[in-house]
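J.: Starting off with a structure, shown below.
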Amino acid sequence: MVRGPVEDVSLRNGSGDANVNADVALEKMGYKGELPRNLGMLSVLGLSFAIMAVPFGLSTTLYVNLINGLCVTIIWGWVFVTLISMAIAASLAEICSVYPTAGGVYYWSAMLATKKWAPLMSFIDGWLTLVGNWTVTLSINFSGGQLILSAATLWKEDFVPNEWQTVLMFWAVMLYLYIINKVCICWTAASVVIIMVTLLSMAKHKNPASFVFGHFDASTSGWPDGWSFFLGLLQAAYTLTGYGMVAAMCEETQNPHHEVPKAIVLSVVAAGITGIVYLVPLLFVLPPVELLRAVASGQPIGLLFKTVTGSAAGGSGLLFLLLGIQIFAGIGALTAASRCTYAFARDGAIPGSRLWRRVNKRFDVPLWGLTLSTLIDCLLGLIYFGSRQAFFSFTGVATICLSTSYGVPILISVVRGRTKVRNAPFSLGKFGYTINVAAVAWIALATVLFCMPLSLPATPSTMNYASVVFAGFAVTSVVWYFVRVRKEFKGPPVLLEGDDVRDVTVVNLGKPHPHVGEGSEELSSPDERHREYLKTA
């Protein structure tokens, strides 16, 4: 990527000075630094990679493409979604390099929009981000609970977990992650190698390359072949959604305007490569598809491992590796969700904001934001009692909400001529407009796709309730905004003058923001204020 002509203060000073500069820039954006800056680029990259949890995400959504195209959708769908995700990630990285705050896309939408639309755009995008963070954490940990129970079926084939067993196991996983909250991703790389070598060495039968790269079968989906292929992209799109969540860690990262954007893009590249390395061997040893489709829980990966290794012990051992990845992904997702909750509550956009925005001084974490995120996910898990296909609804909601929240600031930037990102430290240069438009077009299509049921005919128990949950949160947030919040909520602590950003250290009506210290300078013009911020960044 081409670096813009922004003075790079942090790179020519020591790490201590870099953190001071980052906190000064944060204060100019309206916030006081309350969290310690102890993360580097590799830490943020690791967190993003851990949240995406490629082997785990692809394994737990394998059923999607057992009925929607098989190998062609799995392999080539992964390649397609990886490329389009790189476009979205690059678009977000460019904006993030200009506005590195824990508010992420919520804050960016306000800064990029006009005075008239900034509060509403930031409010809606904030709720999309919040719901997306909550539901991606929910889907990761819910499938973790399902995977644990599926291990029991390897030893006792007639065991079928019922609803209350599944929900209780999910709650146990959530409680464990709430208590532990540390991340380690080395497990992922080792697990991919172990699973790949074990399956290839122990498989008694291997499928030909023509099957792996060219076999397509959507006969059981009930949809036309072309539409079935696009529905099958949910597997890849769900797995590749977490990269934007790490913007919530900007206020804990050193030199965030450079390091976080790089981590966002590189995590997608690393995830794309990991997915290919994992999927190709898996398809070479894929057992008869009819056997896997018959798994009642919708989680056939355990049976696949057992069939290939020839024993329940072998299958359980490989499942254990995936569960390790799930734990790290769940921790990373819950960490990002708690920071997102904290950032949104900090601006008064959540009921009870004064509680949820508190930072625990002993642990230096937003403990109440972490608690709220955990409770919301546990309650949403109860949907499983009404639909055995609830997991796929969770993945759909997570994908739709996060993708839409990513698309809002990108679309606003395009509509307004990309004026605010022209001098971004992480610049897309002359390719920016094309990359942005491609990203927005895919997000619009994905929003429709992932509301559809995976197969026809749809029944109450097999219906995809992603659209219901998505619409419910969207309508609730808009109604709440116009009925009560509109007069109180003004968005992030920024002022908009005409079509330009005003001094980011004050809020509407010229009142100082409570989180910003006294003595902030006001620059002479909107353009000068914006340039001064970029120099500080």
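Along the chain as shown, the residues are counted starting at 1.
Placement of Cβ uses the backbone N, Cα and C atoms for every residue, glycine included.
Caution: TrEMBL annotation is automatic and unverified by curators.
These figures come from a predicted structure and were not determined experimentally.
Not my notes, these are from TrEMBL:
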type: COMPBIAS; residues: 526-537; note: compositional bias 'Basic and acidic residues'
type: REGION; residues: 513-537; note: region 'Disordered'
type: TRANSMEM; residues: 39-63; note: transmembrane segment
type: TRANSMEM; residues: 75-108; note: transmembrane segment
type: TRANSMEM; residues: 120-142; note: transmembrane segment
type: TRANSMEM; residues: 162-179; note: transmembrane segment
type: TRANSMEM; residues: 184-203; note: transmembrane segment
type: TRANSMEM; residues: 227-251; note: transmembrane segment
type: TRANSMEM; residues: 263-286; note: transmembrane segment
type: TRANSMEM; residues: 318-344; note: transmembrane segment
type: TRANSMEM; residues: 365-385; note: transmembrane segment
type: TRANSMEM; residues: 391-412; note: transmembrane segment
type: TRANSMEM; residues: 433-456; note: transmembrane segment
type: TRANSMEM; residues: 462-483; note: transmembrane segment
J.: When only pairs 6 or more apart in sequence are counted, do the transmembrane segment (39-63) and the transmembrane segment (263-286) reach 3 or more Cβ pairs under 8 Å?
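T.: Between the transmembrane segment (263-286) and the transmembrane segment (39-63), which are separate recorded stretches, there is contact, as judged by 3 or more close Cβ pairs.
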J.: So, does the transmembrane segment (227-251) come close enough to the transmembrane segment (391-412) to give 3+ Cβ pairs below 8 Å, pairs being at least 6 apart in sequence?
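T.: As far as Cβ distances go (cut-off 8 Å, pairs 6 or more apart), the transmembrane segment (391-412) and the transmembrane segment (227-251) touch.
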J.: Select the range from 162-179, 184-203, 227-251, 433-456, 462-483 that forms the most Cβ-Cβ pairs under 8 Å with the transmembrane segment (318-344).
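T.: The stretch with the most contacts is 184-203.
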J.: Which stretch from 75-108, 227-251, 365-385, 433-456, 462-483 shares the most C-beta pairs under 8 Å with the transmembrane segment (162-179)?
T.: 365-385
J.: Which of 184-203, 365-385, 462-483 shares the most C-beta pairs under 8 angstroms with the transmembrane segment (433-456)?
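T.: Against the transmembrane segment (433-456), the leading stretch is 462-483.
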